[in-house]
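Take a look at the structure set out below.
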Amino acid sequence: MMLGAEGGEGFVVKVRGLPWSCSADEVQRFFSDCKIQNGAQGIRFIYTREGRPSGEAFVELESEDEVKLALKKDRETMGHRYVEVFKSNNVEMDWVLKHTGPNSPDTANDGFVRLRGLPFGCSKEEIVQFFSGLEIVPNGITLPVDFQGRSTGEAFVQFASQEIAEKALKKHKERIGHRYIEIFKSSRAEVRTHYDPPRKLMAMQRPGPYDRPGAGRGYNSIGRGAGFERMRRGAYGGGYGGYDDYNGYNDGYGFGSDRFGRDLNYCFSGMSDHRYGDGGSTFQSTTGHCVHMRGLPYRATENDIYNFFSPLNPVRVHIEIGPDGRVTGEADVEFATHEDAVAAMSKDKANMQHRYVELFLNSTAGASGGAYEHRYVELFLNSTAGASGGAYGSQMMGGMGLSNQSSYGGPASQQLSGGYGGGYGGQSSMSGYDQVLQENSSDFQSNIA
């Protein structure tokens, strides 16, 4: 029997596959035939631990009849993406919202947006002009550059309020010069994740004794270039307070700014249980749908990789750095869905600049994948697909998360890495919480009661 919305299961659906820049208004329009409880307040977006939108949301409806209407929207499109709609309940929604997203529930409402696809050499003044009429906080624009001092084609912008940031999102796909600009929701947590390293790691400017080539094969170390890479996750002057202004100055304990006022510190990614290749490099996936690239031109940038996979829209790109501080010619690319990751494999042997990138597919559906040998392998896929509402790429045992970790260095490198935290920390996908919920639903029910 369906219980009322005040207690018990309620009238909730879960939505998956939303565009990254999706707003509450767009979700309301998508469900225009349904009565959403409290309007926009009844739409609860799910965020990654970095504060990025996960492409999923819960929608609270007014009755069981409205739930049935909402479920009929399953597989309809929003923009160029089809959206999946599943039946859910208050128990699942409350648990997921509590265990996902950055620590502060308000960090996704602090006025940040992320821009992608900026023209080379784009200045902060051009961004101010692009957002003409929308108030940006002082020192609120940051143009990250890569380790070679070149623009990544991205920017973080903080507006005076979340309402203004929502207006900024409506400029998605408008142009600066000849380039159209993609705009995504962001947060202070995302900025800190990418730019604010633990201070005690800043001294590790050279690779440690275990950061040598080959240490990753079956070796339980952080892996290739860990000291250098974590050192590179500088600076913003101790976090948020040190954003560089329009003129440029030393930002604090990182590399500082260049003469254009651009931050010279840039982080490509964090750590994870996914270990690829000979050096044991690490990459943290928030979706569980990753493509590993090898054979890239050494001058390739993140923007080059985004363009390589066009018209697909990767969620994130991580370019690997070796223990000598140089690029390895490898990268990890994260996609929103298993389907996108599989579609990316069509780029097998496609050219990037003067080099072609070869392909190797290691994709599993509902089971952990083995490591395959192939002499032409240069592009790896680590992506798992489960049934609707099921766990993606995760197995649970006694409440401990054992992530499906695909290793590409041979049998010796295959390891199981557990992650604890209500069964969530060790999962390789945002959708992995479904399986945990099933195993612990009785506990959640008793806690709520």
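Every residue, even glycine, has its Cβ placed from backbone N, Cα and C.
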Next on the checklist: Which residue does Swiss-Prot record as omega-N-methylarginine, given the choices Arg188, Arg233, Arg262?
Outcome noted: Arg233
Next on the checklist: Most Cβ neighbours within 10 Å: which of the recorded sites Lys87, Lys98 is it?
Outcome noted: Lys87
Item to check | Closest of Lys35, Ser54, Ser63, Lys98, Ser310 to Lys87 (SUMO2 cross-link), Cα positions, recorded positions only | outcome: Ser63
Checklist outcome for this item: Check: min Cα-Cα distance from Ser310 (phosphoserine) over recorded positions Ser23, Lys35, Ser54, Ser63, Lys98 goes to Ser54
Checklist entry - Among the modified residues Ser54, Ser63, Ser310, whose Cβ has the fewest other Cβ atoms within 10 Å? => result Ser310
Item to check | Whole-number mean of pLDDT values that fall within the repeat '1-2' (418-433) | outcome: 38
Checklist entry - Just how many other Cβ atoms lie inside 10 Å of the Cβ on Lys35 (SUMO2 cross-link)? => result 15
